[in-house]
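Data first, discussion second: the structure below is written as structure tokens.
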DNA sequence: CGGACAGATGAAGAGATCTTCATCTTGGTC
DNA sequence: GACCAAGATGAAGATCTCTTCATCTGTCCG
């Protein structure tokens, strides 16, 4: 998936963090630091990441002005945790999305991908690898022998494997995706959950790559 | 939301159940009972509900034939619970959806709506009523005073209220939506969960309508 | 062979969640 | 006002979920 993304952010550190991450994932990005610039440029982009704490215009004025101009580009808003209510109140009809700072980059990436999904290519309801499938709505693993209910963690873990089929996933990667940003590196939760997944979907499906991590086969 | 829906189902009882429900929700429907008819008609509809257990052609052949003809109409498959694996395996790339029989009508309706959502109108991430919002992804209620985490049941209950704002919801409706099809009519779970929701979002937001049920105000 | 380390496994405990039940309160009706 | 039904509430127990910890097993390498 590709796309041109406009980052409207005045803090250089955050702008750079977002820009690097998005570029590393194949998106084209530009950064502007003011609401005025955002207004002039937004229409030429596929998506806008908009910080609410701008120096000149506040973010919502920018958003409203864009919509008044008939610009329909999806906007993902970055906001401080303590002004969530105002932010959410400003999202009319779900056309836009928001994230509270600080945020994990993966979360932003997921939302960007969601908004840029080509129309006509609906969201997957099922992920499949070989004879193993995962129903994303019912949170069930589907095997030739039948369906198995998964817990939230098991589900998140299996989803991660299914989204990276055949690829070795390192513990650290797994921890940061499934357990979040500030994980305890000394924990063996991953092992334990791989174990319980294996019990449910069959041990042979999750291959151990010694010294590296695990791989879905 | 409107749309023309083709129901491909040979069991009259189920066909009627689905047709009535969809019509009651503003959709235009037609029913055919054979795969051959499905093939000739599918292209003129916005969505197809396709039973896999047809007398002439099996459902998958119909689906494959449609795709071979270049018909991209979204298809929702109805299948027996014990052939889930085959069904899921047949869903290529998540372009289609499936449901196991027996199913709750509301579930079908939700999937129909999902598939017929006009492109460019992304799925809502937040539902709002007055100063109360619900973030559908984080499962948090957002109030002027801050955000509150909800449990799975609380979330489902509040979502139901927010999708029917200002409308009185009867216990039975609530039970069938949030607790599923085969609920115990003698239970007071609804009361208990209304209570716990009130504690979290403020008692004044959920109004009691004596002898009827509850309403979000 | 033996040591060291990576991974596998089982069990236990904390905490959350869901539901049921018993009791109390409120509103409506006669 | 008295009564009854509907609803509100608190508490307890069953179950599930997640995580940690201790121990066991297997692999690699000298």
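Quick reminder: no glycine exception, Cβ is built from N, Cα and C everywhere.
These features come from TrEMBL:
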| type | residues | note |
| --- | --- | --- |
| DNA_BIND | A:124-217 | DNA-binding region |
| DOMAIN | A:4-116 | domain 'Response regulatory' |
| DOMAIN | A:124-217 | domain 'OmpR/PhoB-type' |
| MOD_RES | A:51 | 4-aspartylphosphate |
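Sorting each residue of the domain 'Response regulatory' (A:4-116) by its DSSP state yields 55 helix, 26 strand, 32 coil. Confidence for the domain 'Response regulatory' (A:4-116), expressed as mean pLDDT, is 88. As a summary of secondary structure, the DNA-binding region (A:124-217) carries 37 helix, 27 strand, 30 coil according to DSSP. Residue A:51 (4-aspartylphosphate) has a Cβ environment of 23 other Cβ atoms inside 10 Å.
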